[in-house]
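Some notes on the structure that comes next.
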There are 6 protein chains.
Amino acid sequence: MYYHDKRLQYPVTVEKPDPAFARMLQQAIGGVEGEIRVCMQYFFQAWGNRAPTTKYRDMLLHTATEEIGHIEMLATAVALNLDKAPTSLQEEGAADGIVGAVMGGGSAKGAIEGMIHKNLLSAGLAAMPVDSDGVPFNMSHIYASGNVAADMYCNVAAESTGRTLAVRLFNAAHDEGMKKMLHYMIARDTMHQEQWLAVIEELGKEASMPIPNSFPQENEDQQNNYNFYVTSLDGSYPEGRWTAGPSIDGKGEFTVFRNEPLGDEPVLGAARPDSGAQAEQIG
Amino acid sequence: MYYHDKRLQYPVTVEKPDPAFARMLQQAIGGVEGEIRVCMQYFFQAWGNRAPTTKYRDMLLHTATEEIGHIEMLATAVALNLDKAPTSLQEEGAADGIVGAVMGGGSAKGAIEGMIHKNLLSAGLAAMPVDSDGVPFNMSHIYASGNVAADMYCNVAAESTGRTLAVRLFNAAHDEGMKKMLHYMIARDTMHQEQWLAVIEELGKEASMPIPNSFPQENEDQQNNYNFYVTSLDGSYPEGRWTAGPSIDGKGEFTVFRNEPLGDEPVLGAARPDSGAQAEQIG
Amino acid sequence: MYYHDKRLQYPVTVEKPDPAFARMLQQAIGGVEGEIRVCMQYFFQAWGNRAPTTKYRDMLLHTATEEIGHIEMLATAVALNLDKAPTSLQEEGAADGIVGAVMGGGSAKGAIEGMIHKNLLSAGLAAMPVDSDGVPFNMSHIYASGNVAADMYCNVAAESTGRTLAVRLFNAAHDEGMKKMLHYMIARDTMHQEQWLAVIEELGKEASMPIPNSFPQENEDQQNNYNFYVTSLDGSYPEGRWTAGPSIDGKGEFTVFRNEPLGDEPVLGAARPDSGAQAEQIG
Amino acid sequence: MYYHDKRLQYPVTVEKPDPAFARMLQQAIGGVEGEIRVCMQYFFQAWGNRAPTTKYRDMLLHTATEEIGHIEMLATAVALNLDKAPTSLQEEGAADGIVGAVMGGGSAKGAIEGMIHKNLLSAGLAAMPVDSDGVPFNMSHIYASGNVAADMYCNVAAESTGRTLAVRLFNAAHDEGMKKMLHYMIARDTMHQEQWLAVIEELGKEASMPIPNSFPQENEDQQNNYNFYVTSLDGSYPEGRWTAGPSIDGKGEFTVFRNEPLGDEPVLGAARPDSGAQAEQIG
Amino acid sequence: MYYHDKRLQYPVTVEKPDPAFARMLQQAIGGVEGEIRVCMQYFFQAWGNRAPTTKYRDMLLHTATEEIGHIEMLATAVALNLDKAPTSLQEEGAADGIVGAVMGGGSAKGAIEGMIHKNLLSAGLAAMPVDSDGVPFNMSHIYASGNVAADMYCNVAAESTGRTLAVRLFNAAHDEGMKKMLHYMIARDTMHQEQWLAVIEELGKEASMPIPNSFPQENEDQQNNYNFYVTSLDGSYPEGRWTAGPSIDGKGEFTVFRNEPLGDEPVLGAARPDSGAQAEQIG
Amino acid sequence: MYYHDKRLQYPVTVEKPDPAFARMLQQAIGGVEGEIRVCMQYFFQAWGNRAPTTKYRDMLLHTATEEIGHIEMLATAVALNLDKAPTSLQEEGAADGIVGAVMGGGSAKGAIEGMIHKNLLSAGLAAMPVDSDGVPFNMSHIYASGNVAADMYCNVAAESTGRTLAVRLFNAAHDEGMKKMLHYMIARDTMHQEQWLAVIEELGKEASMPIPNSFPQENEDQQNNYNFYVTSLDGSYPEGRWTAGPSIDGKGEFTVFRNEPLGDEPVLGAARPDSGAQAEQIG
């Protein structure tokens, strides 16, 4: 179960509120690389973890709980950036002190057009669980596979795209308070990338591959598990670490296969009379 | 641009059609770990690849193209497993030769209840781009971040959960033809896991971390980039590779931090008169 | 604006309530071929119709309004089929008089497993705007393009798949009341197919093609507008009405083109330093 | 920011694991009336709360934090109910000790057909953020309007449908551990209904209406704000509290209006030449 | 069944077409607080209403039917506001007489950037069933729970957020015709809030609580149904109507509970060999 | 199975990169009228085709494969148009050589506000499978009904809305390279409209109607299959090809019916005690 402290994990300040930056920050809340995603992903991985030990479950709970505080920081940052956002399209309602208005030609209308409209119309100038184009987050992005090694790669993927996003936000930002908040979040993403890679190392890199390692590898097709398939018409292909030499897991040797059909043309045959097909399909 | 051969990549045969297995296979077509996902993910990564060399773009095209053939195999397998599926809830319409009917108590009705209904009602006994519960695939799952290292981890994640799914399908299957098809697909997933890890190795493991490595790491918070945050109430935590010793990227030292608020309670203040709030919020 | 009569468009009766058939009927409510779709599609086409005359707007309103009554009939049919559905997984709660229970081995549990669970858990044994697998209808399926000819083909498509669905439901049904209701709905789908084709005829078949016919056809690529592209590796292709002879619109002649690249390999070049790419991509 | 205790809010025990009940419980996790919804809804209402006082923000944080523990309990309950779920469709893989198998005719296949397939195929026998038909939760259901009174009614609505769901699950359950867990959750839903109604009372029932009460009510149409519109063809209507007497907010008198068009037929006129319409629409 | 009159419910006029306001209006059509939602919600509540009397079913039909006319008005308003919207990004195509162009710096391009692009590209300058950021309406927002009291609170919630939205649109509008239309819709939302509250009053406020009132309240946990849970780390909490005094339903006494775990740490144990987990999880 | 050539189907060049046009092009990739849709639709129709001959399956494969190349062209065009897009909201980061900046008032901020933000934040200045408002493509739009005639109308509908979209993009474009690319794609859409109509002709126009033609038409309601329903209150209706004369399929005669209820008021009766309804509903 859970507790809260109403203070923030890290300071969130905005000197010059900018509705356009509020829109960008929404990607870090409700984007597929955002904080709701990692928070819920780590929780569901923890809650469903089956193993002889509760060690990984425990660790996941620590970080999942940390991530709630990140959503909170970002939601606060969005609200602060919307502080002086325009609420009207009327000419006389010219915005005062809004970065957007200044940069976008001076009109409130210009500023409002750069916003996610739901931030105003649905939320009254507050954050929402949507991405930077206003698309709501969908929980199908919570990857918790029941395989701890697969989950760790999902987590590294999430934190890699997450830190990439945070860096893009840092590069786009002009407010010192926002840059400071982001320089903290980028650091946490570094740690989280490292943390999941550390678990992979603990699980034994080669020993853990291919995932899942509980499937007897002799049951997979031995002719097609370490060869790069070339699908170009002329048979050309780029050489690399993946076309020759020992495989990464040390269990095979990379080779190259010029792809061709190993099966026949499939023929499903005539449709059944009761299946709603055209008479011609029934034959 | 693209070409096709109407023969299949690998043989697909079904001795005893089973609508219940058709449902399971749908996860490998339209599930988030399925083949539409990897196919489209590799294509979009290739088409958007920006780099001094076209090497990775090229490689991605080979494998993306290969994956179309996997969707095709699975769609064929679904159609074959639906060959004798019931189309009626009428008692007298008892199924003949359907595995589902035999195992599910002998009634066509039992068999039909175990199916994705859209496979019959929308598709006339054919495959659809939906998962094993009938939920359509959503393209937000195509991860192509513009960062090649992040993309490679997304790909390892996709193939790890993908091979886990294929193994589960193999374990669930009873038909020899289906087991053979899956033993091939499991092998290809092995190669694809290896292939993306090979790219990561080529990119230089430590040098590539943290992702993105183009952000000057001195700009991130130096106090919070290699410490594990403990969020338990009593301060207990599980020790592991991530709590002490050199970080995986060799650029820091893992430590432990008992988490506490570093910021203050945020106060957004009164609502604006024109924002649709209650009068009490405006103050 | 709109009026209602609380009587139904056509009688809806169910002698033997069957939760399994209730599930099937949901496809005709909330499926992409269902009645919410055509109802809303015709309304949005009408409300957005721009033309020198209000004739098509008017006609669309007649049929859109008719379709509300179809959703109502189906929602009533679902509720009636759920009348004796089980609400408990307890053994002693054996269902009484439920078709599902009788056919599915006699247990209430068997019957409940064949249901859309939300029909019970979210709606208390009533219809919902979801398809036969419980997936909510999404309004992106409302096609109203602003081009009346394109819209008419969208409508023919909707009524063709809609009548196909209704026929499948008729074939699956065992209750006489349900068959009667469906024999009516199938008839209306016939009329609606005819009706939209009648508009296309009025618009002038050849003259209306290609859609939109307001684009000066000389502005489209004259080498590539009437030739069938062959993409098979060996150049083989199936001959048909589309490979030779005058085109359907009478404005061209069908030919065959063995496809090949007309463009070059695209090269996007190096990534920008501030774009969150890996350092290696920046070059 | 947030803390956790790895113990559960309330005991969760399952004597007889039942995959069919696991499916039902998913509605309370990822259904629109479920716990993810209320948890995130209260968080976003708190984080975006604008008011002269932080009182409501604070209160919302207490309950939002409580709700994380409810998701955790339910996720645990789902995993426990899946403990002996079948993983294979093979005949010889007859389930042992599974309630589902016993009740569903004795076959593992029968039991697996009653499951959300993703619980096995995507999650390896664990909970997911999906509803009881396997549809992922979508964050558009997080209502946080920026108006505290509107939000409170959204919360009463959420807890009313939530307690209705919990009661249905209680009625459906056969396991004593599950009934005990649910008798606790039903009690919490009672408190939460009361709690949000208490806020509405504090805000002043009549004074708070109509919502938002910050809009000068004289600006709304004074002829049409307290009259019940009759849309039946014959003008009949059901009498009730809403057709006569003082309005609930004490600011008007209920009357009845037999509806008729107050506007004219809208005419959008001809389409523009560059808008992709048919030539006939352009006129 | 249903009838229509091609005249509008209320006059809809636009003096100065503004594509930016068209975008805003879309929220009232396809937003979660919009008119499609209430229309369909009241219909599904009516069609599924189970009760000894058809009184509430009847009443719901009156208002659901009224709401179709509201969608129609808004769709007309969107089309009128798009009347002079730009269709080209070409410099020379400077818009003439468009409010957006004037206010946004004079360029057609500025005006087009403020639009939902699908309004032009998919609909040819007409309304669509999407929200103000272009996200299609999803029917999962139709709440019809089978419990009439829960439904009424869902309806109050819908009309409260709906009137809040209408007020925001009124505040943002500059066109007199639009303000007049909205002052009518705001009035109807007032009536509808009142109407659903009137039903709640008829159902007996205290007697109807907690919802559902058909569950014997002695079956819920008597220790946890009227106490406010404090989840702050330091035990502090905001006092209010919900922390002391009689509960709103008069059936309990509000108290305060400093939350702590009542359960133990859950242990799911080792994974099964056939479940696709890593070998290390199987133990 | 499939092959690729890394050269493009047709040349794609951009002289003046314009992020605003990149946004528009996204509709042709991930919009419901876009290329992913037709590509996947033709593939699923081919893979599930049941008929005595593989002729239509074969033909569909040719065109589905062609369409992959169209997605590729558009993805390339989007990336090229994003080449000089701004990545920062800082004033000093004024864009250089960007059309958007020049036209939008000269500021980088103006240009960035006109973009789909995910194109920058999620994809690093590359294409995504989303529409022109950033909404991801959803695979429920893949219509493959199992009825070849219904499918062909779905395809004509897709290509009609698709060509309408392409024409709108052509009209909006200012870059000669983009206009050239689109004049090619418009031509291909012409051919594809023709191609599906050619199949319909081959299937026999009248003989193929009503779809599905495998349902014995005498089983449908003979009183209601060729009459236009008038639902206007005053009985007025627009005369047209659909109100009199032989039906399009030659199997009936169009007539007009002034609609009225043919059924009674439906009465669902009291709710069950265990269904979570209010006590008042149970009666």
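One is the number of the first residue shown, and numbering goes on along the chain from there.
Cβ atoms here come from the backbone N, Cα and C positions, even for glycine.
Positions annotated as Mn(2+) binding site by TrEMBL: B:GLU35, B:GLU67, B:HIS70, B:GLU159, B:HIS192. The annotation Ca(2+) binding site is assigned in TrEMBL to B:ASP58, B:SER232. The annotation region 'Disordered' is assigned in TrEMBL to B:259-283.
A map of TrEMBL features onto the structure.
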{"residue": "B:GLU35", "record": "Mn(2+) binding site", "Cβ within 10 Å": "24"}
{"residue": "B:ASP58", "record": "Ca(2+) binding site", "Cβ within 10 Å": "19"}
{"residue": "B:GLU67", "record": "Mn(2+) binding site", "Cβ within 10 Å": "24"}
{"residue": "B:HIS70", "record": "Mn(2+) binding site", "Cβ within 10 Å": "24"}
{"residue": "B:GLU159", "record": "Mn(2+) binding site", "Cβ within 10 Å": "27"}
{"residue": "B:HIS192", "record": "Mn(2+) binding site", "Cβ within 10 Å": "27"}
{"residue": "B:SER232", "record": "Ca(2+) binding site", "Cβ within 10 Å": "19"}
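Checking the binding-site residues B:ASP58, B:HIS70, B:GLU159, B:SER232 against chain D with a Cβ-Cβ cut-off under 8 Å leaves B:SER232. Between B:ASP58 (Ca(2+) binding site) and B:GLU67 (Mn(2+) binding site), the C-alpha separation comes to 15 Å. Checking the binding-site residues B:GLU35, B:GLU67, B:HIS70, B:HIS192 against chain A with a Cβ-Cβ cut-off under 8 Å leaves nothing. You'll find the Cα of B:SER232 (Ca(2+) binding site) roughly 33 Å from the Cα of B:GLU159 (Mn(2+) binding site). Proximity to chain F, defined as a CB-CB distance below 8 A, holds for B:ASP58 out of the binding-site residues B:GLU35, B:ASP58, B:GLU67. DSSP assigns B:SER232 (Ca(2+) binding site) to a strand.
Sitting within 8 Å of the Cβ centre of B:GLU35, B:GLU67, B:HIS70, B:GLU159, B:HIS192, and not among those site residues for Mn(2+), are the Cβ atoms of B:VAL38, B:CYS39, B:THR63, B:GLU66, B:ALA158, B:GLY162, B:MET185, B:ARG188, B:ASP189.
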